[in-house]
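Undergrad: What follows is a structure written as structure tokens; I'll ask about it next.
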Amino acid sequence: MAMVVPKEGLVVMDKESVSSASSDSHLRLQPHFPDFTIPVKDFFKSREAREFLSGALAGAMTKAVLAPLETIRTRMIVGVGSRSIPGSFLEVVQKQGWQGLWAGNEINMIRIIPTQAIELGTFEWVKRAMTSAQVKLKKIEDAKIEIGDFSFSPSISWISPVAVAGASAGIASTLVCHPLEVLKDRLTVSPEIYPSLSLAIPRIFRADGIRGFYAGLGPTLVGMLPYSTCYYFMYDKMKTSYCKSKNKKALSRPEMLVLGALAGLTASTISFPLEVARKRLMVGALKGECPPNMAAAIAEVVKKEGVMGLYRGWGASCLKVMPSSGITWVFYEAWKDILLAANTKPLI
């Protein structure tokens, strides 16, 4: 039984009461973890989540169809086997059978899902964010910031949201998915050393550690930046100009296919020498003939094969990039239309 004795505002309790109060206090001090289900559900209801998923689905469907062209393209770029598309095709079939055309496709499918999800999702998100920022800053364009005798207007209207979004998309997807690109190239170029994904991962790790999965990251970023920027910029500008000239609000599926293919062709042609140098750097380590940097790789190609050596495999690349770019946009827009139409329902 507790005895309460008032003394200068204090409450005195016996041992039993203290023990009981301590027990109650202990119960009340149990850790309470926040409920993350609501923000997770909100995310999967968001436009961004649906755009990321649309990109993943579009990439997977496109890659499954075009894997043989990717195999031939990679072999020609790195200088393996025949110098012609038909010759390279027959060489692969004779040595490895028809399944050789899908060499590395396992890793291709694993790679393309996060790559396209991150790339297309990032492009859409950054484009909207940049456009919104420009609209907000336009309202205060007349305002000037003065620092001593120097004054300037905080305007960013001269910056293209599409170009920034394209560059951001390429950088983000490359940083996250580069190890998968390394694995794909090893499986494609040296199937005798890396016959499967399960063997390639431990062999690369034993030889070079974690750094082995990021071999050639610098050159990859250098090559990806102009390609990604040009690709998204060209597609968006062609789409906008075409819709304006035809007084249309949106492209039809065949029009997406054509404009996507043209954007891929333009971007690939501009950035192809950097792609050749990047592939030589990445695969050169396997032969013990790795140039020290991208400039050295380009110089080596020009010295051995002439300037046209920088475009070796360009035809195969266009044969792969053009349909890939066009089909990807068709699938992406189709999935986006489907998923955004049910915007009130969570994806999971």
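Placement of Cβ uses the backbone N, Cα and C atoms for every residue, glycine included.
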Undergrad: If Swiss-Prot is the reference, give me the range from 156-176, 177-197 marked as transmembrane segment.
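TA: Of 156-176, 177-197, Swiss-Prot gives transmembrane segment for 156-176.
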Undergrad: Could you pull out which residues elsewhere in the chain have a CB under 8 Å from any CB of the transmembrane segment (52-72), counting only those six or more residues past its ends?
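TA: Contacts of the transmembrane segment (52-72) (Cβ under 8 Å, skipping residues fewer than 6 from its ends): 85, 88-89, 92, 100-105, 108-109, 112-121, 188, 316, 319-320, 323-324, 327-329, 331-332, 334-336, 339, 347.
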Undergrad: Kindly report the helix/strand/coil residue split of the repeat 'Solcar 1' (46-129) according to DSSP, in that order.
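TA: Residue counts for the repeat 'Solcar 1' (46-129) by secondary structure: 73 helix, 0 strand, 11 coil.
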Undergrad: Summarise the model's confidence over the repeat 'Solcar 1' (46-129) as a mean pLDDT value.
TA: 85
Undergrad: In the repeat 'Solcar 2' (157-241), how many residues does DSSP assign to helix, to strand and to coil?
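TA: Counting residues per DSSP class in the repeat 'Solcar 2' (157-241), I get 72 helix, 0 strand, 13 coil.
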Undergrad: Given a Cβ distance threshold of under 8 angstroms, which distant residues of the chain, six or more beyond its ends, lie next to the transmembrane segment (104-124)?
TA: 48, 51-56, 58-60, 62-64, 67, 70-71, 74, 165-166, 168-170, 172-173, 176-177, 180-181, 183-185, 187-188, 196-197, 200, 228, 232, 328, 332
